[in-house]
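According to Swiss-Prot, the protein carries these features:
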type	residues	note
COMPBIAS	48-67	compositional bias 'Low complexity'
DISULFID	89-134	disulfide bond
DISULFID	142-174	disulfide bond
DOMAIN	84-213	domain 'TIR'
REGION	1-82	region 'Disordered'
């Protein structure tokens, strides 16, 4: 009895099962070309570098890179120091002119650049001596009295001293006596109510005079 199973025709090729064909197409379609990997430097730079607008500098760096502003100072025009023409008026005897010039050079050459009035240098030519002195005293914040043996023997110097006290009778610190070549016993009685600068030091008391002037100028508002 002949078998019912049919054999393939001669010369025909066997066909793949449909299930295997579907799997083969699926795998082929799902395959994608591999991308070229980025270099580690470009990847890290792209991923970790934020924009300059989004990330402010750390405090330590910003304080270094930011331009520093100059310290603020009070306006020259608004300071009471500039309400007068001079910071210091130096009163001295004629024989002490060299010592007075040295003192003025020291004060004007300091970092404070103090403005000094020296009568023989700054008085108006042709002006009355008394008027020039009174004008200089009223136009100065401080008065330095260079008290020496020649100062005590000169009536004109005593007038300068009394006029300086009259200009500012209650202003503490604006009249600065500089005692040079004299003992304390020779200190004028008119000045016994205020301390003096001892000129026997190596700098002749110039530094203390400058500091006293600066202290007074700092009290001006």
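Just so you know, the numbers here start at 1 and follow the chain as drawn.
Just so you know, glycine gets a Cβ as well, placed from its N, Cα and C.
When Cβ atoms from all protein chains are considered, those within 10 Å of residue 134 (disulfide bond) total 15, not counting its own. Each of the disulfide-bonded residues 89, 142, 174 was scored by other CB atoms within 10 A of its CB, and the lowest score goes to 174.
Cα of residue 134 (disulfide bond) to Cα of residue 142 (disulfide bond): a distance of 13 Å. Secondary structure at residue 174 (disulfide bond), taken from DSSP and collapsed to helix, strand or coil, is coil.
Here the domain 'TIR' (84-213) is broken down by DSSP into helix, strand and coil counts: 62 helix, 24 strand, 44 coil.
Confidence for the domain 'TIR' (84-213), expressed as mean pLDDT, is 93. Taking CA atoms as the reference points, residue 174 (disulfide bond) and residue 89 (disulfide bond) are 10 Å apart.
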